[in-house]
Amino acid sequence: MNNHSSWQRKELPFLTLYAIVFYVIIIRRSLQLSQDHHGKLYGLRPGWIGGWLNDVSDAQWRNFRGNLPVLTIVLGIFTSIANMLRVYYQLKAKGMSIVWLLISLAYLSYLHGACIIFVLLITSVNFLLVKSIGLIGMTFVVPLDGRSALILEGNGQNDSFSFSIYLCYLVYAPLYIAGPILSFNAFASQIDTPQKNYSLRQVAWYGLRWYISFFLMELMTHLFYYNAFAISGLWKQLSPMDVFIIGYGVLNFVWLKFFLIWQYFRFWSLISGIEAPENMPKCINNCYNLESFWKNWHASFNKWLVRYVYIPLGGSQRKLLNVWVIFTFVAIWHDLEWKLLAWAWLTCIFFVPEMIAKSAANAFQVRRAFGEFVFREVSAVAGAITITCLVVGLLSVHL
């Protein structure tokens, strides 16, 4: 044990030096590629950092970033009104559900216009079906717009399951656009009694960390035009090493984009007293296998998939087949496009060998047979393969 600890202490400086050299090479080459090819790239706009152009080629990020000031003002007003009414009138579940329902309906009216009638019609019909059937212990799931879903746990006839709380849950303004997905029971309990896990100071620190992460994204998009390379298709003309650098950059850009979007709306939900799950609990570069990556990418949706798709299909007993069904469903859930289906099936092709290898390693007790050191080194190689597979899968969408 002492020898193992001693070796780890000796190994750490080498690994640190290796990481520094790796990222220096990546950063220098990324800067050079961005400057050499910026005239051929799509989606670059004048930036605000040092006269550099800004890569806003990603439509999701461009729309979110462009609407951020308005969103912040609107959600700030919404949460302030709701919190003041809660404190002044000592409102509980029923009262707060009506407050947030009125606020959220005003919000939806702006987003959807007259089409809000269809949202209300679908949700109302579902509520009547649930109440009329009244099956004890049954779970009902109603996908709305691909970004949120109703999750009911236990008895559908629970006293908290009133129409106002139900509808408030589905159209709750801070989480309506992008989630994260929150179970109905968790929402109903917290709208009655605000969450206690985060203090005001912790919520403020959460917001500050988000702001720092946002600045990091701005720095990345001003200096490195990774996504513009992918959108423009120019990466196909580069050397294999440069293709890896662009793919690795796009992977980190996409992770940081969703990290910022989901944390932004979760922040406003926390301010209003509702704690939603953290969608990106782990950094992408800290995921050493595909299973870990997908558990920590859109984590709330992953939990939904496990409960309502993976387990009903047989769980781990049929995981080699289930993975194909699940990723096909995820691709269709995003949009019905061949390139998304190709991405899903390519991911499965990478995923299946990993699952077989992990099962074999557990069965033959590889860690004990080869020792801790060899096992860690093999795991590190597997981590590199994981990142490469993710890069290939992501770039396949831009073929």
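Each Cβ is built from the backbone N, Cα and C atoms, and glycine gets one as well.
Where the annotation comes from TrEMBL, it is an automatic prediction and has not been curated.
What TrEMBL records for 12-31 (among others) is transmembrane segment.
The transmembrane segment feature in TrEMBL is assigned to 70-91 (among others). Long-range contacts of the transmembrane segment (70-91) within its own chain (CB-CB distance under 8 A, at least 6 residues past either end) are made by residues 99-100, 103, 107, 173-174, 194, 264, 268, 271-273.
The transmembrane segment annotation in TrEMBL covers 97-121 (among others).
Taken from TrEMBL, the feature transmembrane segment covers 164-187 (among others).
Summarising the annotation, TrEMBL assigns transmembrane segment to 208-225 (among others). Under 8 Å from some Cβ of the transmembrane segment (208-225) lie the Cβ atoms of residues 27, 30-31, 33-34, 37-38, 41, 44, 47, 49-50, 52-57, 61, 249, 252-253, 256-257, 259-260, 263-264, 267, all in the same chain and six or more residues away from its ends.
Taken from TrEMBL, the feature transmembrane segment applies to 245-265 (among others). Listed by sequence, the residues of this chain that lie at least six past the ends of the transmembrane segment (245-265) yet keep a Cβ under 8 A from its Cβ atoms are 26, 29-30, 33, 58, 60-61, 64, 68, 71, 174-175, 177-180, 206, 210, 213-214, 216-217, 220-221, 224, 226-227, 229-230, 235, 238, 276, 278-280, 283-285, 297-298, 387, 390-392, 394-395.
Sequence annotations record features per position, and here TrEMBL assigns transmembrane segment to 320-336 (among others).
Annotation source TrEMBL lists transmembrane segment at 342-361 (among others). Long-range contacts of the transmembrane segment (342-361) within the same chain, counting only residues at least 6 positions beyond its ends with a Cβ under 8 Å from a Cβ of the stretch, are 289-291, 319-320, 323-324, 327-328, 330-331, 367, 382, 386, 389, 392-394, 396-397.
Per TrEMBL, transmembrane segment is recorded for 373-397 (among others). Sequence-distant contacts of the transmembrane segment (373-397) (same chain, at least 6 residues past either end, Cβ-Cβ under 8 Å): 4, 7, 230, 235, 243-244, 246-248, 250-251, 254, 284-285, 287-290, 293, 339-340, 342-343, 346-347, 350, 354, 357, 366-367.
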Q.
Six or more residues beyond either end and a Cβ under 8 Å away: which residues meet both conditions relative to the transmembrane segment (12-31)?
A. 223-224, 226, 241-242, 245, 248-249
